[in-house]
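See below for the structure under consideration.
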Amino acid sequence: MTALCTYDYTCSLHEEWTFLLRSRWSKMKGLYIVTRYLPFIFLATNLSMYFIPNENSGKCRVLENTQSGLGIVLVMVSETFFILRTYVLWNKNIILLVATLSTFFTFLVASFSTVFATGVTAAYWTSAVPGITGCYSSTSFQYFIAFLLLSVFELGLMILTLIRAVQNWRINSSHLYVVLVNHNISYYACGFLFSVTNIITSLLLQNFYETILYDFQFIMLAILATRMHLHLWQVNQHPHGSTSNLVHVPMSDISFTNPTV
């Protein structure tokens with residue numbers, strides 16, 4: 001996962017710094033920076049758990065809780081991109097935004113409670129590297145509840161995006177709008193499949209193998225969110241095709257209008 005994250009960052013280094021230097025400062029840009037660089041802190045904690053010599057179960061427990069907390073925060077910031085995009089697709093419907101955020105934060109609280117309440121005392125193990133004794137995650141099978149809630153949330157937002165896309169597919173054909181819809185559907189579909197996979201593995205696999213897939217989902221959601229935001233910014237900088245239905249404003253305030261209203 002460390003290699004994957006480093007490779008992704010290296011491949012998009014030029015595009016990323018172009019975005020960071022040329023785009024104006026906004027809440028969305030701040031969210032992008034957090035989502036983009038938090039995975040490196042998450043991976044550093046991950047490596048500390050597995051490869052730094054440690055036979056103190058108390059310290060293992062702290063590292064495990066830190067890693068779990070960072071993973072949930074990664075999901076939170078990644079999902080925020082697409083909650084806001086769904087809000088934009090629905091013409092900034094405040095009722096939809098309040099309902100979505102309320103559901104999201106309810107699921108977050110439930111996930112935090114489940115993750116930190118169901119873990120048992122962390123243990124240590126000897127890794128494949130001679131002389132290295134690291135920690136392993138010791139969460140119980142009930143960890144799947146967090147992924148169950150996330151899968152329900154992802155499915156709900158994907159349905160909302162599809163409904164809006166069907167309603168507007170003849171009205172709004174701008175390239176930016178199409179990119180936005182495609183990104184939303186792709187992200188929600190990937191997130192849903194990752195969550196379902198983790199639900200199954202939480203019930204069937206041993207704890208050590210479970211955590212590998214957990215970490216993979218956390219990292220991939222962050223990569224998808226930042227890559228898609230970067231692509232959307234590039235499209236917004238160079239719009240083409242039909243733009244009659246698109247209001248070109250800063251990325252943090254982007255909105256679509258229906259010309260028939």
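Positions of Cβ are set from backbone N, Cα and C atoms, glycine also.
TrEMBL does not curate its annotations; it predicts them automatically.
These come from TrEMBL:
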DOMAIN    2-41  domain 'DUF6533'
TRANSMEM  31-52  transmembrane segment
TRANSMEM  72-90  transmembrane segment
TRANSMEM  97-124  transmembrane segment
TRANSMEM  144-165  transmembrane segment
TRANSMEM  185-205  transmembrane segment
TRANSMEM  211-230  transmembrane segment
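Residues 79, 82, 141, 143-144, 147-148, 150-151, 154-155, 157-158, 161-162, 165, 213-214, 216-217, 220-221, 224-225, 228 of the same chain lie 6+ residues outside the transmembrane segment (185-205) yet bring a C-beta within less than 8 angstroms of a C-beta in it. Using a Cβ-Cβ cut-off under 8 Å and counting only residues 6 or more beyond its ends in the same chain, the transmembrane segment (144-165) has close neighbours at 72, 75, 79, 82-83, 86, 89-90, 96, 100, 103-104, 107, 110-111, 114-115, 181, 184-185, 188-189, 191-192, 195-196, 198-199, 202-203. The domain 'DUF6533' (2-41) scores a mean pLDDT of 87 in the predicted structure. Break the domain 'DUF6533' (2-41) down by DSSP state and the numbers are 35 helix, 0 strand, 5 coil.
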